[in-house]
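Residues annotated as disulfide bond in Swiss-Prot: 32-58, 85-106, 153-180, 207-230, 296-363, 300-366, 311-414. Look at Swiss-Prot and you will find 32-143 tagged as domain 'CUB 1', backed by sequence analysis. Feature annotation from Swiss-Prot assigns domain 'NTR' to 296-414. For 1-22, the entry in Swiss-Prot reads signal peptide, with the evidence type sequence analysis.
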C-alpha cells in the first residue's frame, strides 16, 4: 500500500513530463490539386519530396482574404528539364477561371516571387509519361496590394500611358530571384507602343540568366514572343499586334545590374505599324519530312553561300557533333553548341553552362556529319523542336576563322 502511495507522485511527474515534451510538427501531406484558403500555406506536387507520378494533371486554386493579393514563392523545383518546358511543367495563373498566365516553369531553376493582381491564383502541374523528378514545393501568402515591398513588381496597366521599372530603380541594382509580369491592356481599337528609356540587365549571349521578354497578348507564350532581351542596349521600340502586351522580367540567384525603366502609350490602330523583328526569331515551323528514294537521290551539295542561306534558315549554329544514331534511313545527331547565331524555334537543352540540340539529317549521308567534328549548320525546325537537315541544307566545317563573318551575319536584319 505504501509502495503504491509512493508511486503516485512519480507517475504524475512522468505523465506531466510527457505532456510537456515539445511535439514534432507534422510534415504537410501533398496531394494532386486542391482548394487552398487563408492568409498563408504550403503547396506541393503529389507525394513531395518523393518522385511525382507520370501522366498527371493537378490543379490548385488559392484564395486569400478580399483586399489582399496572392504572393507565391517556390522553395524547391525539380521537374524534367526542357528549353521550352513542353513535357513536365508548372503553370501559374492570375485568378481561377481563364486567367492570364503569369509564368511556366520546369527544370531546377527557382523563379522569384510571383504576385497575382487580386486575391485568387491558380497553380497547375502537368507531367508526361517519361522522366520525373522530386516535383516542387512552394508557399503562398496574402499581401497588401500597395505594400508588397521592393522585391515585388508587375501588375495590370490600363491607363493610356504609363511607366514600368525594375525593383529598386534607380537607387540600386535590382534584387536576385525576382519575377515581374506587367500586363498592358488597351481598348479594343488601339495598339500599344513600348519604349525602354534605360536598360541594363545581366549580359549573356543567349539571355539565359536575367532577361526581359515581351509577348503579344496576355500570357507567357513562346509562339507570341516578340523578343527576349538582356545586356546594356535598350531594345528598339515595340508596337503590339493587337490591344494587349505582356512584359516579363526575371532575375536568377547570382549577378544583378542597374535594371531598366520603360514607358508605354496607347495609339489608334489606323496608324501604319510594323512589329519589331524579334531578338529570338520565331519562324514558320516546317513539317517533319521522311526520307524518300527521290529525295535522297538528289545531288548532295550545299547551295549558295553563308550570306544567301542565313535569312532563309530557321536556325544557324556552330557546334560539335557528339552522338549519331541511324534510324530508318535518317541520321539523328546530338550537337554541342559552340555558338548560336539564329535560334528560331529550335529546342535547346541545357545542362549547367553546356547547351546542345537534336538534329535529324533526313538523308543519313547527305550532308555527312561525323562525330567529334565541328560544323556550321543551317536548317529548318520541325514541330518537335528538332533541326531538320535536307540534302541542300548549308553545312560546312567550322574553323576559328569563320567566327568573325558569322558574328557579322548575326547582326544582319532579315
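Quick reminder: no glycine exception, Cβ is built from N, Cα and C everywhere.
Everything Swiss-Prot records as a feature, shown here on the structure.
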residue: 32; record: disulfide bond; Cβ neighbours (10 Å): 15
residue: 58; record: disulfide bond; Cβ neighbours (10 Å): 22
residue: 85; record: disulfide bond; Cβ neighbours (10 Å): 20
residue: 153; record: disulfide bond; Cβ neighbours (10 Å): 24
residue: 180; record: disulfide bond; Cβ neighbours (10 Å): 25
residue: 230; record: disulfide bond; Cβ neighbours (10 Å): 23
residue: 296; record: disulfide bond; Cβ neighbours (10 Å): 16
residue: 300; record: disulfide bond; Cβ neighbours (10 Å): 13
residue: 311; record: disulfide bond; Cβ neighbours (10 Å): 14
residue: 363; record: disulfide bond; Cβ neighbours (10 Å): 21
Other CB atoms within 10 A, centred on residue 207 (disulfide bond): 20
Nearest of the disulfide-bonded residues (32, 106, 153, 207, 363) to residue 300 (disulfide bond) - Cα to Cα: 363
For residue 85 (disulfide bond), the one of 180, 207, 296, 363 that lies nearest, given that the disulfide-bonded residues are compared by Cα: 207
Cα distance (Å, whole number) from residue 366 (disulfide bond) to residue 296 (disulfide bond): 8
For residue 366 (disulfide bond), the number of other Cβ atoms found within 10 Å of its own Cβ: 22
From disulfide-bonded residues 153, 207, 363, the one whose Cα lies nearest residue 106 (disulfide bond): 207
Average model confidence [pLDDT] within the domain 'CUB 1' (32-143): 88
DSSP-derived helix, strand and coil totals, residue by residue, for the domain 'NTR' (296-414): 17 helix, 54 strand, 48 coil
Distance [Cα-Cα, Å, rounded] between residue 311 (disulfide bond) and residue 180 (disulfide bond): 33
Distance from residue 153 (disulfide bond) back to residue 366 (disulfide bond), taken between C-alpha atoms, in Å: 52
Other CB atoms, at most 10 A from the CB of residue 106 (disulfide bond): 23
Residue 180 (disulfide bond): secondary structure state under DSSP, collapsed to three categories: strand
Nearest of the disulfide-bonded residues (32, 58, 153, 180, 363) to residue 230 (disulfide bond) - Cα to Cα: 180
Neighbouring disulfide-bonded residues, C-alpha within 10 angstroms of residue 207 (disulfide bond) - of 58, 180, 363: none
